[in-house]
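According to Swiss-Prot, the protein carries these features:
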- 21-259: domain 'PV NS1-Nuc' (DOMAIN)
- 191-195: region 'Ori-binding' (REGION)
- TYR210: active site, for nuclease activity (ACT_SITE)
- 210-214: motif 'RCR-3' (MOTIF)
- GLY399, PRO400, ALA401, SER402, THR403, GLY404, LYS405, SER406: ATP binding site (BINDING)
- 543-668: region 'Transactivation' (REGION)
- 571-592: region 'Disordered' (REGION)
- 605-643: region 'Disordered' (REGION)
- 609-641: compositional bias 'Polar residues' (COMPBIAS)
Amino acid sequence: MAGNAYSDEVLGTTNWLKDKSNQEVFSFVFKNEDVQLNGKNIGWNSYRKELQEEELKSLQRGAETTWDQSEDMEWESSVDELTKKQVFIFDSLVKKCLFEVLSTKNIAPSDVTWFVQHEWGKDQGWHCHVLIGGKNFSQAQGKWWRRQLNVYWSRWLVTACSVQLSPAERIKLREIAEDQEWVTLLTYKHKQTKKDYTKCVCFGNMVAYYFLTKKKICTSPPRDGGYFLSSDSGWKTNFLKEGERHLVSKLYTDDMRPETVETTVTTAQETKRGRIQTKKEVSIKTTLKELVHKRVTSPEDWMMMQPDSYIEMMAQPGGENLLKNTLEICTLTLARTKTAFDLILEKAETSKLTNFLLADTRTCRIFAFHGWNYIKVCHAICCVLNRQGGKRNTVLFHGPASTGKSIIAQAIAQAVGNVGCYNAANVNFPFNDCTNKNLIWVEEAGNFGQQVNQFKAICSGQTIRIDQKGKGSKQIEPTPVIMTTNENITVVKIGCEERPEHTQPIRDRMLNIHLTHTLPGDFGLVDKNEWPMICAWLVKNGYQSTMASYCAKWGKVPDWTENWAEPKVTTEINSVGSTNSPSPKSTPLSQNYALTPSDLEDLALEPWSTPSTPVVGTVKTPNTGETGSTACQEAQRSPTWSEIEEDLRACFSSEHWKSDSEQLPNLD
């Protein structure tokens, strides 16, 4: 197809139809019948009453513009003005019905694909074809749509009827329109149940092969069948002339024709064995797609996010088992197709990354309290959550109470959503809740005891089978584990016997994060949006959640004795560039002097103010009285007055120092 041989409108319409060639839509037909009420004849052209609503007037003007722009200038149409006006009114009423049904379903018109064409048939007279569909449409909703459109269509026809009718006659006309179904839906009859079911059609094929091939009506009254005008959601066919419509149909047919046609022979026995999906199966599949799309992983989430489908299944025979099996398929789909890191990352609001500061998050502040490189720690955790840690498949937060272990683990588990919890109280089936999950959470882990081998297999990301209560054994696929504890879980005791042979294998399976800094009582919880933003920040800045990226950034794979403090982070909390940083003026804090020398109080000088944020490793830990490491204390301890005096003597000569000393005021 040569690009210069056809107009942009023709090529644009052809490509638009090709993009939507396989989109399934409903096919409706709007019509009216000749009615006689108490001697009053009401025909197809008896609905020319002036429309009062502004929206209907706007739709009518749009139909008039479409008619004028699509007329061929080479010949003049002889359709009379009354026929044109009737078609314009019908077009506005049909679109008004569609928009009202969309508003009841809270569907935006921009999310819907539709096509409307008014035609005249030799036997049927005037009728209007409507194709409509979108992502929120399902085959099971077809009959509901027909009923709603039938109600709105009958109501608006009565409103537009130009024949003088009494209130009782108007009600009767509306009843006739609803009972005779002046809005019909394309259906098919099931061979076994003998019931009618909605038949969806392919949007692009239906428009190109059927509607665009028809001739335009140019006489009044119409002698042959054809179309008056058409419009669509993409504004592609509205202004096309008859010849351009035929050209689009031909180009579409040529482009969509398969190069080779495979012929298959189906025997009568195979046809008999052919299985057609029931309405119930279609409904379950549609519901399952919505649950996976919205990441529903629990009955409570289902009740809150999809109450209609939950009630529909609950009302069916065996509804509880149906709910349980549907939810199990949903969690299995998420566990097999997504990692915990993927589920966290997709919740991130990337538009806020511009003003996002990693150092100001509560998680990184907890790590910074220990003098660690919080970027390195978060990068290692993300690698494990993305199943890239290899045998080291478990993130272990351990240390004293109130150091932030559980709040970090809770934030990660909440961001993942599809989480299974280890139940230590269930001695026989502790992993009953851990199948088909993206993350396993072990809270307050203790002595593994006789379950140590099963624990080691799960913590290393192996595929094992576990026993379930009241069921057979079930397989657990490689799943990341996040664990918190106050105890030394590397020491395994079975009965009264200590088993040291398990210590090193357990360490080889753990990402060791030892938290020792007690948090203040007003520290607060980690925000639910914090970890999605952390993951998005890491990806944006080149810290991919793979072990290859981790080794390229930090040199080696993390082990049990990993030094999280090296290399030093370039921008610390409350440093210049952070939102909590102090003003960049010369203060003792900017010179790494954390405390006021006690000698200044004896000299009656104004003491230095204590900084609001202590330097890591210099101030005693609250509640415990423990100090930081010896290296940090030596590097950042406060200078004494004698040391300052020695520095001053070194800066000035002895004569200058003596003359200046004689001029000092008497402080006593």
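Keep in mind that glycine also has a Cβ here, set from the backbone N, Cα and C atoms.
As the structure is a computational prediction, the values presented were derived from the model and not from experiment.
Compute the center of the Cβ atoms of GLY399, PRO400, ALA401, SER402, THR403, GLY404, LYS405, SER406, which mark the site for ATP; besides them, the chain residues with Cβ within 8 Å of that center are PHE397, ASN486, LEU515, THR518, LEU519. Cβ crowding, taken as the number of other Cβ atoms within 10 Å, peaks at THR403 among the binding-site residues SER402, THR403, SER406. Cβ packing within 10 Å was compared across the binding-site residues GLY399, PRO400, GLY404, and the lowest neighbour count falls to PRO400. Here the residue listed as 'active site, for nuclease activity' is positioned 63 angstrom away from SER406 (ATP binding site), judged by their C-alpha atoms.
Distance from the CA of the residue listed as 'active site, for nuclease activity' to the CA of GLY404 (ATP binding site) is 66 Å. Secondary structure of the region 'Ori-binding' (191-195), assigned with DSSP and counted as helix (H, G, I), strand (E, B) and coil, comes to 0 helix, 0 strand, 5 coil. Here the C-alpha separation of GLY399 (ATP binding site) and TYR210 (active site, for nuclease activity) works out to 72 Å. Residues near ALA401 (ATP binding site) in space but far in sequence (CB under 8 A, at least 6 apart, same chain), listed by position: ASN486, THR518. Under DSSP, residues within the motif 'RCR-3' (210-214) fall into helix, strand and coil as 2 helix, 0 strand, 3 coil. In this structure, TYR210 is the one among the recorded positions TYR210, LYS405 with the smallest number of other Cβ atoms inside 10 Å of its Cβ.
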